[in-house]
Amino acid sequence: MDTGGRLIAGSHNRNEFVLINADENSRIKSVKELSGEICQICGDEIEITVDGEPFVACNECAFPVCRPCYEYERREGNQACPQCKTRYKRIKGSPRVEGDEEEDDIDDLDNEFDYDASDPQRVAEGMLTSGIPVDSEFDSSFPSSQIPLLTYGDEGSEISADHHALIVPPVMGHGNRIHPMPYTDPSVPLQPRPMAPKKDLAFYGYGSVAWKERMEDWKKRQNDKLQVVKHEGEKGGNFNGEELDDADLPMMDEGRQPLSRKLPIPSSKINPYRMIIILRLAILGLFFHYRLLHPVRDAYGLWLTSVICEIWFGVSWILDQFPKWYPIERETYLDRLSLRYEKEGKPSGLASVDVFVSTVDPMKEPPLITANTVLSILAVDYPVDKVACYVSDDGAAMLTFEALSETTEFARKWVPFCKKFNIEPRAPEWYFSQKIDYLRNKVHPSFVRERRAIKREYEEFKVRINGLVATAQKVPEDGWTMQDGTPWPGNNVRDHPGMIQVFLGHSGVRDVEGKELPRLVYVSREKRPGFEHHKKAGAMNALIRVSAVLSNAPYLLNVDCDHYINNSKALREAMCFMMDPTSGKKVCYVQFPQRFDGIDRHDRYSNRNVVFFDINMKGLDGIQGPIYVGTGCVFRRQALYGFDAPVSKKPPGKTCNCLPKWCCCLCCSRKNKKNNQKEKKKKSKQRETSKQIHALENIEEAIAESNSQSSVTSQMKLEKKFGQSPVFVASTLLEDGGVPHNASPASLLSEAIQVISCGYEDKTEWGKEVGWIYGSVTEDILTGFKMHCHGWRSVYCIPKRPAFKGSAPINLSDRLHQVLRWALGSVEIFLSRHCPIWYGYGGGLKWLERFSYINSVVYPWTSIPLLVYCTLPAICLLTGKFIVPEISNYASLIFMALFISIAATGILEMQWGGVGIDDWWRNEQFWVIGGVSSHLFALFQGLLKVLAGVSTSFTVTSKAADDGEFSELYLFKWTSLLIPPTTLLIINIVGVVVGISDAINNGYDSWGPLFGRLFFALWVIIHLYPFLKGLLGKQDRMPTIILVWSILLASILTLMWVRINPFVSKDGPVLEVCGVNCDD
């Protein structure tokens, strides 16, 4: 699509559509200039025909009417021109209606209804031009070949049409589409294939046992031939004195192999792990049995509270543990992918991929970071014509627009440099900041010279971007204006039209070497007051629709603006799963792990989240696939459209030679039934005289049933699901993607603006069953959950070189706010109709996968028992009570076994997951820190938002920062999320001091009961230790605000201590006679 490098802006609801020309002087082109006329009935533009002329409905007065209105008037109206009242004549390519037979003009009967159902492109084009209803139900079992016809007589082309026993419309096949064409017309002239009834169907190659045997024999010969090449090739390639003609046989054999394989965890690691899980479950049962039967009489409240918390922890552990029962790893074969889909001398057969990059506020998400992400996408190792990058600017910021314009110019130099020298990574900021020997493995003599030149170009590019950022700090009073003087359409962030700009991909824009570049499109969806825009999920759905209109790739990759492609072969890694002919059809998305740059070596706040990505996700991959984590994920477009996964055939029944006798009896009864059915079939085969009649009746019934079912689903049903854009609805039928060739650039521009309008999703299934699902700030979990409920499975891919890398918030306050947002989304899902506890039964979701989703929405509720449980040690130390009675030998064994099983489970998980003990321990610590702060606030915030409709937010204020490496790590930002863990730290420290003082005061006998309470309190303090370091900062100086809070809480606890007064006996002070006479 060629827009001449201009910005397209408009609003479908307001009937506005302009093309802003930045190169000419304030010139605005409308659709009327591009396509000629506007339809006087519906207001849409009149398309351009194949001959390059505007569509003319009436040859008498040329009254401007578009083709859809013309065909609707002929089909449903009075079949006459609204202006001159002349009866419309049928135009070539339009369906025939009643009365057309009276015309004397030469008709195009051969092409009138010639919809080749095996060509999805023709199907979509026919739908766009004639409004043919299309079935939206998935039908993978419908035959793609034409059904044979039966004739009464000899076979031959001279058989007349009236002798045919059956006529089948040629649109019954579906080819590569996933939806069959239901359109039929009795007036359609058909080209039947005659068959003689006296001859067997096997003579024509249908349903023949001999044909199956021939195919098996052919496959066997091919395999033998390949085996000969494999084993005899070392002897000079000679086979029985004759050389094999096909020199590519070894390569063909490699190309026919699977593109990926599963690597199960070795049994030496996984079997002990499973045994420990079962043992830990049994120990947990004994633990609860002891705790329930041995209450603490003098501290019944503390005991009951602790038992309730421990039961909740046990249930939470089960939900988290058992989805890790079948962990697997995967391996891809990129060389086999190239052999199969990239043959020398032929166009690449790899599927197209549309890449989505989302950004909102350029002040919070620096344009330089977004530019690096875009550059890494444009330089990816993938066919150029198969990649399209769409940048969603949900803030309609001119800064982002100008930054992309600068990125386009630098990409013309950066992309050829990356591909010429095969560098990694292909984001320039991180490539030039690598602390490695960049000359290693580089042999090209001009590499050093060109690297210095491109580095200088990048530094100048950074200066220009920084200049744009500095200029954008102060917004002009009249708003921003473009280079041609036109006001920036997005000056009002909350009220602006939709905008589209094609930076790369149109004619004339190539790199410095004259080669083609991937398509780069800027998109800012329309926003108006009074409409719900659904934040990131709404922006992603707008990108789905606009990309379907412009490029319609069958696969989508979405990344955040700060996640660049670190491995240039990441798309190929994903295609090894998506394009695998054996298992790829049921894969809805391929999720890559998140890896991060700029995190300190100790990872104090568990920003890398290694335990989740290297242990939990591997476990889910062995069940039904990992959950979607919001970025670094390659989707199948058809799965995002809400279609069900292909239904796989059931495996054959098992034999029971080794089963008990009663089971054999049952199987024998089944065998008898099968034998009876076989005898009936033999008897039916003997009836030769009625064979063709029965076949004819069965075929006629099947066709009648399929026609009746297909006629139910119409164009209106598809529009109700996907919206009122015929171009987009037509694109949903193309499983292999692509854009109809007969659509004019003007119509594509208008459709692209329409599908990003703010009211397009009204009364449709967008956000409910189609696209990213609405209803939660963590739309990623909800979207993946809906796909798994439709029977799809996902794949977890961990390449040796990380596919994507991003930046993470490394200081304490930002990290807590990130976790707060995730937990808030889980609470919203828990309180919605999509909660996995009660949603999705009867679909394709497996039970262990459901356990994982339940755990992902239940974990914020753990914050309440966790906060109470972390408070209990201080209460026990201050009151002298404890939650456990005097421990017997039996209880000691149970407690020791429980702690050992917990440690053993963690050690074995680290072993098969490849996780270090530092990462595992940081994850345990931050589970407590986040649980008593972010999760707790998210729980109350979610309850207020869902139940009371009250939205709350927590402000983050920067207080201090230090210079140097990882300076953000020591940046302290005050937020109310810091209050609960600070309070827990202080009361437990005070409790420890009070407990030790009490033991010193009471003597030796009080030290024994003190150890259990001290261990309990120290467990809490050790888990909160990273939080304490975050409060103290780099130079061990506590901020003033924390000091104030500490004094306040210490005063309260001191007053409580005076009130409790544990050193004084309950009956008053004990007075003893010392024997000294004080009166003397």
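Here the Cβ of each residue, glycine as well, is placed from N, Cα and C on the backbone.
Record features, source TrEMBL:
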{"type": "DOMAIN", "residues": "39-85", "note": "domain 'RING-type'"}
{"type": "TRANSMEM", "residues": "273-293", "note": "transmembrane segment"}
{"type": "TRANSMEM", "residues": "300-319", "note": "transmembrane segment"}
{"type": "TRANSMEM", "residues": "858-878", "note": "transmembrane segment"}
{"type": "TRANSMEM", "residues": "890-908", "note": "transmembrane segment"}
{"type": "TRANSMEM", "residues": "928-948", "note": "transmembrane segment"}
{"type": "TRANSMEM", "residues": "969-990", "note": "transmembrane segment"}
{"type": "TRANSMEM", "residues": "1010-1028", "note": "transmembrane segment"}
{"type": "TRANSMEM", "residues": "1040-1060", "note": "transmembrane segment"}
Handout entry: Proximity verdict for the transmembrane segment (928-948) and the transmembrane segment (300-319), three or more C-beta pairs under 8 Å
Key = no
Practice task
Between the transmembrane segment (300-319) and the stretches 273-293, 858-878, 890-908, 1010-1028, work out which stretch tops the count of Cβ pairs under 8 Å.
Solution key: 858-878
Fill in the blank from the handout: Across the domain 'RING-type' (39-85), DSSP labelling yields 10 helix, 4 strand, 33 coil
Fill in the blank from the handout: The predicted model's mean pLDDT over the domain 'RING-type' (39-85) is 80
